[in-house]
Amino acid sequence: MDKLLERFLHYVSLDTQSKSGVRQVPSTEGQWKLLRLLKQQLEEMGLVNITLSEKGTLMATLPANVEGDIPAIGFISHVDTSPDFSGKNVNPQIVENYRGGDIALGIGDEVLSPVMFPVLHQLLGQTLITTDGKTLLGADDKAGVAEIMTALAVLKGNPIPHGEIKVAFTPDEEVGKGAKHFDVEAFGAQWAYTVDGGGVGELEFENFNAASVNIKIVGNNVHPGTAKGVMVNALSLAARIHAEVPADETPETTEGYEGFYHLASMKGTVDRAEMHYIIRDFDRKQFEARKRKMMEIAKKVGKGLHPDCYIELVIEDSYYNMREKVVEHPHILDIAQQAMRDCHITPEMKPIRGGTDGAQLSFMGLPCPNLFTGGYNYHGKHEFVTLEGMEKAVQVIVRIAELTAKRGQ
């Protein structure tokens with residue numbers, strides 16, 4: 001465990017922020033830097049079958065140290081950080097033996113407060129790694145990367161029985177491209193776990209069904225003084241569309257298993273406007289109903305427009321709820337839960353109000369629930385991780401490897 005913090009601090013010092021709307025994968029050069037560093041470290045650690053694909057997927061194998069019919073299992077994390085907040089010049093603060101109250105984030109007025117983030121009350125006495133208030137931290141998912149690398153070092157350096165362990169580090173997870181170029185057959189695991197969750201004990205095998213909705217509105221602009229009966233204001237049509245979306249089914253009004261519509265961006269002029277929504281729901285039927293709702297709204301608002309004016313709506317599915325794939329293999333969850341209990345952790349099964357690479361991989365033939373990392377408040381300046389939580393994640397990874405070996409012997 002000695003190098004866990006050192007690894008994490010090294011990884012977050014590299015700017016690996018991904019970029020949306022870019023065709024190339026990885027979308028940024030910084031991700032290549034971390035992937036090449038990890039490749040070098042895996043080689044130095046003595047892993048085999050190390051490959052780094054042209055699309056930035058790094059894979060490696062830790063050979064089994066016991067004989068038997070032991071399934072090969074995998075652990076996966078992503079190297080990119082969210083494009084939502086700066087990941088450049090990350091300057092972590094280490095707060096040892098947290099005693100409660102506000103934590104100043106750098107020099108200025110920014111604080112990490114238990115008033116806004118009550119989970120801090122549960123972390124008294126622990127070592128917290130925070131931002132300086134100017135960037136995100138990058139625990140999502142460099143905590144997972146550091147934990148997998150440390151678990152490999154533990155397994156390599158100790159006589160802990162384990163089967164073949166596969167690891168992979170992917171790019172562009174935050175922009176939805178992490179698993180698109182993942183070669184499941186080449187990876188060679190029967191199942192895997194993404195290490196990309198939150199607080200200690202989280203074990204996630206349910207995620208949103210997700211879709212994007214892009215709306216283009218073409219209006220007609222004339223001088224306002226002579227506009228009667230002629231002007232078609234694209235911005236007004238956009239406002240009418242959004243007014244039809246259920247106001248109590250948005251991210252800020254929902255939780256748990258509740259789905260939502262989210263207006264992520266809107267721009268335009270009288271002549272043209274564009275809107276971008278995301279749709280999320282755990283239930284597949286409700287998910288399909290939400291997509292139909294958006295089509296009905298566009299049809300209603302666009303009814304009776306001049307032929308030269310129109311509303312164009314394009315819906316694209318992003319990923320689906322992996323539950324239906326993971327529950328077909330209950331032993332995957334059983335092993336993870338037992339590993340947590342063996343490490344004196346109470347498993348907390350909760351839905352992911354988002355997505356992971358594991359969601360797409362599960363539909364590609366690699367069942368892949370999500371393990372905790374010990375991090376909180378991702379994608380912003382209030383992001384932090386606990387050293388104790390990271391250590392627990394390493395212990396759980398190692399124990400999963402050990403329990404899997406016992407099942408096959």
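For all residues, glycine too, the Cβ spot is worked out from N, Cα and C.
Taken straight from Swiss-Prot:
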BINDING   His78, Asp140, Asp196  Zn(2+) 1 binding site
ACT_SITE  Asp80  active site
BINDING   Asp140, Glu174, His379  Zn(2+) 2 binding site
ACT_SITE  Glu173  active site, proton acceptor
For the Zn(2+) 1 site built from His78, Asp140, Asp196, further residues of that chain with CB within 8 A of the site's CB center: Ser77, Asp141, Gly144, Glu173, Glu174, Thr194, Val195, Thr356, Asp357, Thr373
10 Å Cα neighbourhood of His379 (Zn(2+) 2 binding site): matching recorded positions from His78, Asp80, Asp140, Glu173, Asp196: Asp140
Separation of alpha carbons, Asp196 (Zn(2+) 1 binding site) and Glu174 (Zn(2+) 2 binding site) (Å): 11
Count of other CB atoms lying within 10 Å of the CB belonging to Glu174 (Zn(2+) 2 binding site): 24
His78 (Zn(2+) 1 binding site) versus the residue listed as 'active site, proton acceptor' - Cα distance in angstrom: 6
Per DSSP, three-state class assigned to His78 (Zn(2+) 1 binding site): strand
